[in-house]
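Swiss-Prot has this to say about the protein:
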type	residues	note
BINDING	D20, H21, G22, K23, S24, T25, N137, K138, I139, D140	GTP binding site
DOMAIN	8-190	domain 'tr-type G'
Amino acid sequence: MPRMTQLDLIRNFSIVAHIDHGKSTLADRLIQLTGTVAERDMKAQILDSMDIERERGITIKANTVRIDYPAKDGRTYVLNLIDTPGHVDFAYEVSRSMRAVEGSLLVVDASQGVEAQTLANVYQALDAGHEIVPVLNKIDLPAAEPERVKSQIEDVIGLDASDAVLISAKSGLGIPDVLEAIVHRLPPPKGDREAPLKAMLVDSWYDAYLGVVVMIRVMDGVIRKGDRVKMMQTGAVYGIDRLAVLKPQMVDIAELGPGEIGVLTASIKQVRDTRVGDTITHEKKGCAAPLPGFKPAQPVVFCGLFPVDANDFEALREAIEKLALNDASFTYEMETSAALGFGFRCGFLGLLHLEVVRDRLEREYDLDLITTAPSVVYQIYMKDGTLQELHNPTDMPDLTYVDHIEEPRIRATIMVPDEYLGDVLKLCQDRRGIQLDLSYAGARAMVVYDLPLNEVVFDFYDRLKSVTKGYASFDYQITGYREDFLVKMSILVNDEPVDALSMMVHRDRADMRGRAMVEKLKELIPRHMFKIPIQAAIGGRVIARETISAMRKDVTAKCYGGDATRKRKLLDKQKAGKKKMRQFGKVEIPQQAFINALKMDS
């Protein structure tokens, strides 16, 4: 069984890149070149284990691999690569992974240049005190401009890129130079073997056979199989059943020392019992203080998930419980809706997280789902001095008791080619944005806006992509709460409120949103035998109305000539019947109408 490795022979690093700049391909090449995985087991994006990660070309969970590399100086180094998610929703996972390593490879596409997510992740790496080695990928493309991109890295990020490593991850060009740069330009970890055990919990996932598998980075001390360890945030104590390193398959190891990254299993039942960023120490003679910077994951965006077929509710419950085993940041509770039946109110870290969870439920568990309009968490300050959190617009308290409402704001960084800048500024302005900064890097502009999260969760990203023909990149951080004039808009169909369509809107935009919603519903709801009013209302005040006219039979068809009062009598009789029908009639709203109304392009 392999033993511990000396500190000066370890290099821990992560790869920072924007989506599609070749991060996972580079990881594949490093693994391939060092023979870590046999050729026959090699597949593209080997560290992305979920189908959805491969398909969307994104990394959702942090993954790790230990590579043994015989360097040119004759010594064999242990390289631990943590493949981090690049997307903003998973920013906390990124920050923890960053704290677990000492250096980063900054991968930039030599034809595209620096993008918004590259920036966000580089700043996180710099915050974590990383040494950063710039790597320019795709230099074999005809459109590659390494010199322009080098100067862009220096201008935008302020890193010296003169000795950037030039590679093509696809063809394997320049990969040996990357390995040498990791060994010689990134620092070895620090740590004290004799000190009490202090290890950081970097990630955890659920395995059907082993229970919860926990990935750790040892800071000080030594951890061995059979030790009793304690999680400092939850206070739970476990006995270690198995210690291993990932190559990417598990290889058992007797002990892990300072600077090493590995995994352990300890009969832990749920991923919720392990908090990313927690500190692990020995039950007896443990370390005095936990590692700084821990914070529990807080859901930011909420939406309702309902099965299209009510009989699938139990299947949905099972699927959600299984997913939650593996995703501690995903929260759920049951909810009922008059329009959609039984379902769940779920909380997510952001829009991509919501899409990924929904896709996984539909794909892995074969469910048909309706997603209600995503909403954010509002803070409602009541007149009696109490504070309520509002996750679902239907739970909005009576406005007479409300003092004011605060909504979450974000700081959005958008990188966009110059010619689309005007459209992007207009889009942000329309979404109640406040411009904070505008700067240029070559032919690309970088705009920083303060925006309400409520305006972004709906369809901001899609609109941004369409006004910029797909060239803009977008990244955001949540900055805090601010008071604004927000109201709850209800939709009434035939004078009955439809809970699934109610939403929180800004007072100035309510009329526009209301009008668009009722016009859309008028197209979507089929005609009935009686006329149906569709209204958008704030409190008791109707702000927009459309009427779906009734289908009617020509009751006077059988009257030939003769007296007009005969026709009148038949028409009045029909009118009275329609009135009675409207009183007792139920309006059937088809599922498709809900789905389309919630996709509304505002």
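Using the three backbone atoms N, Cα and C, a Cβ is placed for every residue, glycine included.
Structure coloured by features recorded in Swiss-Prot.
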{"residue": "S24", "record": "GTP binding site", "Cβ neighbours (10 Å)": "25"}
{"residue": "N137", "record": "GTP binding site", "Cβ neighbours (10 Å)": "30"}
{"residue": "I139", "record": "GTP binding site", "Cβ neighbours (10 Å)": "19"}
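If you average pLDDT over the domain 'tr-type G' (8-190) in this model, you get 74. DSSP assigns I139 (GTP binding site) to coil in the three-state reduction, placing it in neither a helix nor a strand. In three-state terms derived from DSSP, S24 (GTP binding site) belongs to a helical segment.
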